[in-house]
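**Q** Annotation source TrEMBL lists region 'Disordered' at A:1-23. The domain 'Cytochrome oxidase subunit I profile' feature in TrEMBL is assigned to A:38-539. Residues or ranges marked as transmembrane segment by TrEMBL: A:49-71, A:91-117, A:129-149, A:169-194, A:214-237, A:263-283, A:295-315, A:327-345, A:365-386, A:398-424, A:436-457, A:477-504.
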Amino acid sequence: MTPSSSIAAPGAVPGHEAHDDHGHHPSYLTDGTTVKSWLLTVDHKRIGIMYMVWVLLFFLVGGIFALLIRIELLTPGPTIMDAMTYNRVFTLHGVVMIFLFMIPAIPSIFGNFLLPLMLGAKDVAFPRLNLLSLYVYLAGAGFALWGMLNGGLDTGWTFYTPYSAHTTTTVAPVLFGAFIIGFSSILTGMNFIVTTHTMRAPGITWFKMPLMVWALYATSCIQVLATPVIGLLLLLVTAENLFSLGMFDVARGGDPVLFQHLFWFYSHPAVYIMVLPAFGVMSEIVSAFSRKNIFGYRAVAYSSLGIAFVGFFAWGHHMFVSGQSTFNAGVFGVLTMLVGVFTAIKVFNWVGTVYKGAVEFSTPFAYFCGFLFFTVFGGMTGIAVGTVSLDVPWHDTYFVVAHFHFIMVGATIMAFLAALHYWFPKMFGKMYHEGWGLVSAAFIILGFNATFIPQFLVGNAGMPRRYYEYPERFQALNVASTAGASLLAFGFIIIAVYLTYALIYGERVDNPWHSKGYEWLTMSPPPTHNFIGPQPTYPEEPHFYVDPKKAEGEVSDV
Amino acid sequence: MSSAHVTPGSVPGPKLAAHFASLEVQKHAARLGMWLFLATEILLFAGLFACYAAYRFLFPEAWAASSRSLDLTMGTINTVVLITSSFTAAMAVHYAKEGKNAMVGHMNVLTLLMAVGFLVIKFFEYKHKFHIGTLPGRYYFYEGIQLPGAPLYFTVYFASTALHALHVVIGMTVLAFATVRAYRVGDFNANNYTQVELGSMYWHLVDLVWIFLFPMLYLV
Amino acid sequence: MSDLANQFLFLPERASTFAERVDFLHYFVVGTTMVMSAGVGLAALFMFFRYRRRESHQHTEYVVPDLKTEFLFVSVPLVFFLAWFAIGFRDFTWYTTPPKDSMDVYVMGKQWMWKFSYPEGPNGVNVLHVPAHRPVRLLITSRDVIHSFYVPSFRIKMDALPGRYTQAWFEATKPGTYQVLCTEYCGLSHSKMLAEVVVLSPEDYENWLKEQQRGRLQDRQDALADTSLVPPVARMAEQGQKLVAAQGCLKCHSVDGSKHIGPTFLGLYERNEKLEDGQNIRVDEAYITQSMMDPGAHIVAGYQNVMPTYQGKLQGPESAAIVEYIKTLRTANVRETASEGPAYDPIQ
Amino acid sequence: MAIANESHQEEHNMQEHHGAGRYVVIWVVLLVLTLVTVFTGRMHLPSFGLLLALVIASVKGTLVALYFMHLSEHRGANRLVFGVSIAFVVLLIGFTLMDFGTRFRLANPPGSQYSDLQAVDIGANPTEGRTGGHQQIQKQGHEVHE
């Protein structure tokens, strides 16, 4: 089957002619097979794949830390490690998962791979900068890992002063590593914004861009505007730790709450860096698998920008009980509610997309269902903890831990896995085993719930986060959570096995979903410059599944 | 990647990278990229401005007293030097558009000289502070001002001026590349001046930051 | 009814007036969330089934929402969210504005214990006595890093910031013992930084107060009383005490006389130590300072040479502060028993 | 089409070429404003000194951005980027200051104008100054000096 078989407009089918002379145009995977051709490539697709290798590796590292934490919390007292080790492990779990996995996961892997394909461009605007961002990321990761191996740090990933300024653990290299990774994030963000502005192919107007592009665009805006602030802050804390620079030195009039303001000015929007691309992925997938245009395209597009903008000014809700003023709590409380509304709009429109659609319940769609669940409950618990008085008992308990794992891990992991399955044929031209896909999706969705629903409850009961030992009354729920975590781990192992198998022995496919996203209009895997021949044009909007015979009369501009 | 054809036309233009549709797009992309980068720089300094604002708000007396301990003459000279260097950087772009490569080089050399001058003056200011003890945080040992918040002022002072000086050095590097190209290759013209333009944009940003740092630190 | 809901949500006992307000809003939010998400979920499931795919290249209609639908999508959640915010912010304002007649208690967190003191009255370590049915204002501070004072049963929490005060208040509704937890990560023994609030009936509280004032425990209390509580005056020995915690000295050196990786600090000053090479040395300022800067120079017999040097990590005055602190641990001056507050029944 | 529009417009905007006179004028204005701000700064105006200095700085900054950096000729995204980043700086500072101004007074740093607490004495020993800093270092400093 060719990707173009159901496309009405011939102008939009660069893949069509590509199919015939396949032999003359090697895919990006086979165009150059030396190690050097990979390491020094400027092809956005290869950079995306290299990001994938590293990001998955760090996901494994972070995941192992997570399992260690869960095993330690099986019993109220010490289980497998001492308190110092535990404090380091949860810090490294946070640092690795956030800076090395969550932030680059979807933008740097799928964004890099898909953005130019979805815009009909040959590459991103600055291909060499793109490669540089990969190596900057690796340099930062190297620094951070070196710091971890040299003792690690025990501050928690939030690095709150004055603790981070005084602790004897190796804070500086890890902070500096995170600072360097920030540059990588900025470079990727700049590249995506410029690409979206300048590289759109003829026919792709702003409101005909795939929603994934909108989401990446909004994400990039956050990356560019927020990351420098944390960069500066990390430098200041490093200087404080190494040289006692004194910017937040309490004894000399410095204010630790000011640190928290600057920290959350980045770290709250950073949550949207993690989750907005997930929203983008899911907009694509719900369209492709229900064969429908997205319900309320503009509402979804604008709400991405709305989240990016308003999300910046809700940071104070992390500080309701930190000594911040009551007045500020009120202001940030209202803004938090607005962010919630933007997310609600998206959820309603995704569900609306299915209306009068044609749903195929395959693996990516199964993840969409999980995603919907985690977004609704993660989002609503977010609104709950953002409700000022409710945050007082919940702040810094396991309820908050469960909440942010639901929204920024649950939703993002669902999207990450959905994207991995949905675009696996696009990336490698191979198909995985659908049955195993559904089985592992079930394991992961159930495992995730089994891990974190008990954490909501133990948080309700009052268990604070970052506890090495805890009163015995919390044990039952902690055991339940650990059991769930093992289920989750098992699900990931299944995925790793069958995807690796599919990579080698998978069936050759081109567009197994019959999807009409722009990225499917070229062959799978795509050739080096994404399409062969002259610049294609895109007369139809993406995901246009209307019967061409009916299309004439029915569709007017949205 | 950048091995594609040269645009047709009477004046030779820059190379067009293969992935861009046209030279217009390429220039647009470069310029937009630069603006985004400058935005990140502005936000980088914003963190320090926020620290400044917060502590000045809390300790107005100590800050007024501390800012008076600074050498206003040196600060003013530095401001004038930096504004003038910004002017020469702008002139470099102007000449680049007209294709006068020698003038581009001269202007950039003037800019670089003034940048060095700026750093030298800054060095003497620092030296004086190390001498009298108006130093950040715990290193503060100046007896003249014993108000709560005074060491914080110098933390902010050193952090922001050091970061700014670092940007001066980076800006000098960028301008030096454009200068060498103007003298050696001499291919800047109305169609091809992006390198000079972006370099001087960066330099203007350095100037812009100082325009705000100067009154904040020296005058109020 | 609400007890059942509490059990279902694993909420702890409700023992303050604020807890009643919080729980009411909690039920409201959780209930609405459950109903609305069930609605969305069922609608989605129904449509997944109703609109399942019938052929692989199926065509669909082009459906776009009208403005009214989108307006509904925005306004319905917004109304609920803003209502929750309004109630929540009202309660929060109530919580951050203590009544004028409330009784003040100073709370100080330090690594890793809570100290309580009343403006005129007894002090306590890790146990806070308060009367029921009377507003109590906590003025919370910290000696070292940020801590957070959390009483699950009262639903109250407030960070303890070093060098300044935050406030919170509560009115306990029933006598009993309630656990206090630290909820801001504060280092090695963060999870052991537990304390308890003992709520006494007004009569019992008066009796307890009298007993305290009679001075039965006064001596011990005085030893524990923290003169730096109001206002904080850091002294050199205290700075040293902070430093030994922050620099990690306590990981190897105990202060209670027990043998650990390194010699105990208790009674170390002016002690005669037998060295590895058989010599005797009298521990003085010079020896302690040298041991910090060049630990391997004179090893006390029976200990390994494992201590890292603090050369460059400690400023001159800092090492002096540590010496001062060790001086205060001379055996003659030190209490015989470990710190303990007024007698109480431990929880659980 | 999409590509053409935005980039073409940009190219069109940037085509204008002005004489050097314009830069000279801006330069002179900047220098004059610098002198004005130094002059008013030295008067130590009590209440609106900071405001005046910031207004002058903003005018200077605007001139640099508009004419030296050619923002006056840029349209669309370039202006938006610059505008948004400035707006975010203002909001970051605004929200943070709002907190300090409206906080429970004792929660502000001791010794500040919004706190009722005295500044912390850093170590009660006589060798250290009241606001922190080591007398010892000072002595060394003097020795070097002499």
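Cβ coordinates are placed from backbone N, Cα and C, and glycine is handled just like the others.
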**Q** Tell me, please, if the transmembrane segment (A:436-457) and the transmembrane segment (A:214-237) are in contact, taking contact as 3+ Cβ pairs under 8 Å between residues separated by 6 or more positions?
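**A** The answer is no, given that the two segments have fewer than 3 Cβ pairs within the 8 Å cut-off.
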**Q** Averaged over the whole of the domain 'Cytochrome oxidase subunit I profile' (A:38-539), what is the pLDDT?
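**A** Summarising the domain 'Cytochrome oxidase subunit I profile' (A:38-539) by its mean pLDDT gives 93.
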**Q** For the transmembrane segment (A:91-117) and the transmembrane segment (A:295-315), decide whether they are in contact, meaning at least 3 CB pairs lie under 8 A, counting pairs 6 or more apart in sequence.
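**A** Result for the transmembrane segment (A:91-117) with the transmembrane segment (A:295-315) is no.
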**Q** Out of A:214-237, A:263-283, A:295-315, A:327-345, what stretch is closest in contact terms to the transmembrane segment (A:398-424), meaning most Cβ pairs under 8 angstroms?
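**A** The stretch I would name here is A:263-283.
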**Q** Same-chain Cβ contacts of the transmembrane segment (A:169-194) under 8 Å, 6 or more residues past its ends?
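**A** Answer is 88, 95, 99-100, 103-104, 107-108, 111-112, 115, 124-126, 129-130, 132-134, 136-137, 139-148, 150-155, 159, 216-217, 219-224, 227-228, 230-231, 234-235, 237-238, 241-242, 273.
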**Q** Have the transmembrane segment (A:214-237) and the transmembrane segment (A:49-71) got at least three CB pairs under 8 Å, pairs 6 or more apart in sequence?
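**A** Contact criterion not met.
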**Q** In the same chain, which residue numbers or ranges, 6 or more beyond the ends of the transmembrane segment (A:295-315), come under 8 angstroms Cβ to Cβ?
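**A** Apart from its flanks, the transmembrane segment (A:295-315) reaches 207, 209, 211, 214-215, 217-219, 221-222, 225-226, 261, 264-265, 267-269, 271-272, 276, 279-280, 283, 332, 335-336, 338-339, 342-343, 345-346, 348-350, 352-353, 355, 386, 541, 558.
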**Q** With the transmembrane segment (A:49-71) as the reference, which stretch in A:263-283, A:327-345, A:477-504 has the largest tally of C-beta pairs below 8 Å?
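**A** Per the Cβ under 8 Å count, A:477-504.
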**Q** Report, as numbers and ranges, every residue of the chain located at least six residues beyond the transmembrane segment (A:263-283) whose Cβ falls under 8 Å of a Cβ in that stretch; write 'none' if there are none.
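**A** Contacts of the transmembrane segment (A:263-283) (Cβ under 8 Å, skipping residues fewer than 6 from its ends): 98, 102-103, 105-107, 110-111, 158-160, 185, 210-216, 218-219, 222-223, 225-227, 229-230, 233, 294, 300, 304, 307-308, 311-312, 314-319, 346, 350, 368, 371, 404, 407-408, 411-412, 414-416, 418-419, 422.
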**Q** Can you name the far-off residues of the same chain, 6+ from the ends of the transmembrane segment (A:327-345), with a Cβ under 8 Å from a Cβ of it?
**A** 296, 299-300, 303, 306-307, 310-311, 313-317, 319-320, 375, 379, 382-383, 386-388
